[in-house]
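As given in Swiss-Prot:
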- Cys74, Cys76, Cys89, Cys92: Zn(2+) binding site (BINDING)
- Asp471, Asp473, Asp475: Mg(2+) binding site (BINDING)
Amino acid sequence: MTNSNLRTENHFDYVKISIASPQRIMDWGQRTLPNGQVVGEVTKPETINYRTLKPEMDGLFCEKIFGPSKDWECHCGKYKRVRHRGIVCERCGVEVTESRVRRHRMGYIKLAAPVSHVWYLKGIPSYVAILLDIPLRDVEQIVYFNCYVVLDVGDHKDLKYKQLLTEDEWLEIEDEVYAEDSTIENEPVVGIGAEALKQLLEDLDLNQIAEELREEITNSKGQKRAKLIKRIRVIDNFLATNAKPEWMVLDAIPVIPPDLRPMVQLDGGRFATSDLNDLYRRVINRNNRLARLQEILAPEIIVRNEKRMLQEAVDALIDNGRRGRTVVGANNRALKSLSDIIEGKQGRFRQNLLGKRVDYSGRSVIVVGPKLKMHQCGLPKEMAIELFQPFVIHRLIRQNIVNNIKAAKKLIQKGDDEVMQVLQEVIEGHPILLNRAPTLHRLGIQAFEPKLVGGRAIQLHPLVCPAFNADFDGDQMAVHVPLALEAQTEARMLMLASNNILSPATGEPIVTPSQDMVLGSYYLTALQPNFKKPNFGDNQKTYASLEDVIFAFEDKRVGLHEWVWVRFNGEVDDDEEANKPKESKELEDGSRLETWNFRRDRFDSQNNLISRFILTTVGRVVMNHTIIDSVSKT
């Protein structure tokens, strides 16, 4: 096996994001081809040739820079097939390799003039303004060519370092400096634009400033102290990461791989392209125009205007709309910049990296499952057969029901009874994980034992709803299948719903009846004033046991809120114990009968309870019988 076929694994502890130096930006995009040629700089705004539909050389889709657009084929077609792997075509300079390299190979644009990075300039807080200790408004005046800034006062007495000067003020000073009778030997130096900003940042001695600020903090109070702390925090971060402040001003900008900003041909022959290509094209056009103006020694005012336009083009590329007018495309729609692609719910991180679709997972609406135990959930058969398909196929082959995977899949598609039987065996004891977004605490994802149910909705026990913050008004939940034995064990031991009774935040019970359960319990035990209380001994309203009442209710001989007399020898919790009975009489056999508002008790001559009938509703009988039954089973 050759080394080229070996996949190397790089293990790392963390990922760190920091400011890239101009050299690193160029290193990202610069490559030396096997023939020694250095490529990487994008110099032309063209994308593809509309006649040949091939990428233009040195353009935004250049095959020499980013790699071939077709596997193992150079631009001119001289080399085709995998046998020419690694060869660089002498005619077109394209390396013969896989086209997927166009997903990770970068380029760069060498800028004719430095530009400020809009994140550090216009972010909140503005790190450039904090480091230089200049108000943000003044920094913007410098960057966007509205004001000059003093870089060196020279021998001029009235000027201060970092002082802002308007065009007229600087002209007056120039006249004074260059006058015949001038005594100024060392001329003051002023700058404008991102070049001046870069010079100011280069002049900063961070270690010395940090020492001075620490001394100043000890004697400061209130708002001034807070401002100093903010500044020293930024300086310490620069020192800790070995980053230089002048890196916040860009000399080169990276061009992301072409397959991440594609251009596709539509049916009518037209092309649809990523907004980034338009933004990059604006930058390249303005950069090339500025380079040409500098080359022909154009007037300073024209060059300065072009530099400002280049700054605005780079701002729009990095974060469109952060400053100035938003760049719009067709239909007056704002173009999506690099920041728009990264940030927000639909951005690269939340949508594509954190919100990835994973195998062995499903999603469906949840409905209440009143007959489930707390550690169980109802899993639709249609979903279960899809999630557990590899396990089912393995068992079908092992039990000699089918001979191969293809036959097993056909049997599964038919929905054969044997398949359902095998599925039942597979899910027995195999926990699944249910997750409801947003997962704000650890109980947002819990393990359950699946029970096969009909329909297409996941059934959930109502008691676990508070932990998930779920209700049954259309909420959806995701299902995940733990595959490894360790994962299954962990799910069963730690994540099973019946093991998560208490809230990890407060220590109080989180498994509490809510919504449907509270309403159902109230409805079941509610007293209806319009139902007449029966007399004791009424054959249709007197029952020998709780079970008899439930049978009569299920047989529809009695309603849920009707009053009934029922024999019950257990304890009754009511307020009548402290009062005297309404009636008490001795019977011929020596026993005693006591009548209360809601019960009739019969005692023998030794005052032992012989029988007790209570007056209650059918709903309360159902509730009590269910609770007694549950408690006796545990």
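Placement of Cβ uses the backbone N, Cα and C atoms for every residue, glycine included.
Swiss-Prot feature annotations superimposed on the structure.
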residue	record	DSSP (3 states)
Cys74	Zn(2+) binding site	coil
Cys89	Zn(2+) binding site	coil
Asp471	Mg(2+) binding site	coil
Discussion item. Rounded to a whole angstrom, what is the C-alpha distance between Cys89 (Zn(2+) binding site) and Asp471 (Mg(2+) binding site)?
Written reply: 64
Response to the item:
Smallest number of other CB atoms within 10 Å: among the binding-site residues Asp471, Asp473, Asp475, that is Asp473
Practice prompt. Name the one residue among Asp471, Asp473, Asp475 whose Cα is closest in three-dimensional space to that of Cys74 (Zn(2+) binding site); these are the binding-site residues.
Written response: Asp475
Fill in: Check: same-chain CB within 8 A of Mg(2+) site center, minus Asp471, Asp473, Asp475
Ile366, Ala470, Phe472, Gly474
Worksheet item: Any idea what the Cα distance is from Asp473 (Mg(2+) binding site) over to Cys76 (Zn(2+) binding site), rounded to a whole Å?
Response: 61
Discussion item. Quiz question: given the binding-site residues Cys74, Cys76, Cys92, which has the greatest number of C-beta atoms lying within 10 angstroms of its own C-beta?
Written reply: Cys74
Worksheet item: If you measure Cys76 (Zn(2+) binding site) to Asp475 (Mg(2+) binding site) at Cα, how many Å is it?
Response: 56
Worksheet item: How many other Cβ atoms are found within 10 Å of the Cβ atom of Cys89 (Zn(2+) binding site), counting all protein chains shown?
Response: 21
Discussion item. What does the structure give for the C-alpha distance between Asp471 (Mg(2+) binding site) and Cys92 (Zn(2+) binding site)? Integer Å is fine.
Written reply: 63
